[in-house]
Ligand SMILES: [Ca+2]
Ligand SMILES: [Ca+2]
Ligand SMILES: [Zn+2]
Ligand SMILES: [Zn+2]
């Protein structure tokens, strides 16, 4: 009986393609593959149990984070979010990135811009990094000092592809940047993908001020927020540079770590 059934199946033109599981929600095979990669990267699980690691469990986690209906089944709205350019830091705490809510313990934090992008003049990058840091330091009892050489707490730079950590960049689009939570060595460092076209808002491209404010939030110890108005929301969206500021959610988050500013 069985061999006959197998033969019949193999006569069909699609005999090599396995049917997609129910969780694929009728999406195409490339979309299904993309969703699997996305969840593996941004929703890593520390658990060894099969259930916590399943596609459905992770998809539900992602849908909950982005405030979508939590179905555990792919749909076009979910795919749409997965295709947006975003930060490379996972949305759920990953042990290698955010062990136990680390924060800086000294009041003056040093930073250094160790490499620049040809997309923007150097002085502009310096200005925008200072502006991003000022947005955060305005809310907390912490100040930043730029050092021109040597090792600083927060090393900032542009790089493409593999660049010396375990998180290689991916060419134009998708992942724009990533940063590490406070700590020694790589801790606090912020990297920007040189394969993006960086801008100060005066032309087309990724707004560096917006990306830097987000990444430096990680450098200070913040994870991602599911509030779409928050600077710490994981996907990038165009905002007006002039009116760009921290949201109430960002301020509450950073003050939970460091306390409010003493006036
Ligand atoms: Ca990229
Ligand atoms: Ca560092
Ligand atoms: Zn991020
Ligand atoms: Zn990096």
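Yeah, the Cβs are placed from backbone N, Cα and C, and that goes for glycine too.
Summarising the annotation, TrEMBL assigns motif 'Cysteine switch' to 85-92. Long-range Cβ contacts of the motif 'Cysteine switch' (85-92) within its own chain (Cβ-Cβ under 8 Å, at least 6 residues beyond either end) map to 41-45, 61-62, 65, 167, 169, 173-179, 206, 211, 214-215, 218, 223-224, 234-236.
In the three-state DSSP assignment, the secondary structure recorded for residue 87 (Zn(2+) 2 binding site) is coil. If you look up TrEMBL, you'll see 87, 214, 218, 224, 232 marked as Zn(2+) 2 binding site.
In the three-state DSSP assignment, the secondary structure recorded for residue 196 (Ca(2+) 1 binding site) is coil. The feature Ca(2+) 1 binding site is assigned by TrEMBL to 119, 196.
According to TrEMBL, the feature Ca(2+) 2 binding site maps to 153, 187, 189. Counted within 10 Å of its Cβ, the other Cβ atoms near residue 187 (Ca(2+) 2 binding site) come to 18, all protein chains included.
Of all Cβ atoms in the protein chains displayed, 15 besides its own lie within 10 Å of the Cβ of residue 163 (Zn(2+) 1 binding site). Annotation comment: TrEMBL describes 163, 165, 178, 191 as Zn(2+) 1 binding site.
All protein chains included, residue 171 (Ca(2+) 3 binding site) registers 12 other Cβ atoms within 10 Å of its own Cβ. The Ca(2+) 3 binding site annotation in TrEMBL covers 170, 171, 193, 196.
In sequence order, 87, 177, 178, 179, 190, 191, 192 are the residues of the chain that are 6 or more apart from residue 215 (active site) and have a CB within less than 8 Å of its CB. Annotation source TrEMBL lists active site at 215.
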Between residue 119 (Ca(2+) 1 binding site) and residue 193 (Ca(2+) 3 binding site), find the distance joining the two CA atoms and give it rounded to the nearest Å.
-> 12
For ligand 4, the binding-site residues of 87, 165, 170, 189, 191, 224 whose CB is under 6 Å from one of its atoms are 165, 191
Among the binding-site residues 119, 165, 189, 193, 196, whose Cβ has the fewest other Cβ atoms within 10 Å?
-> 165
Identify, in sequence order, the residues in the chain of residue 214 (Zn(2+) 2 binding site) that are 6 or more apart from it along the sequence and have a CB within less than 8 Å of its CB; answer 'none' if there are none.
-> 87, 177, 231, 232
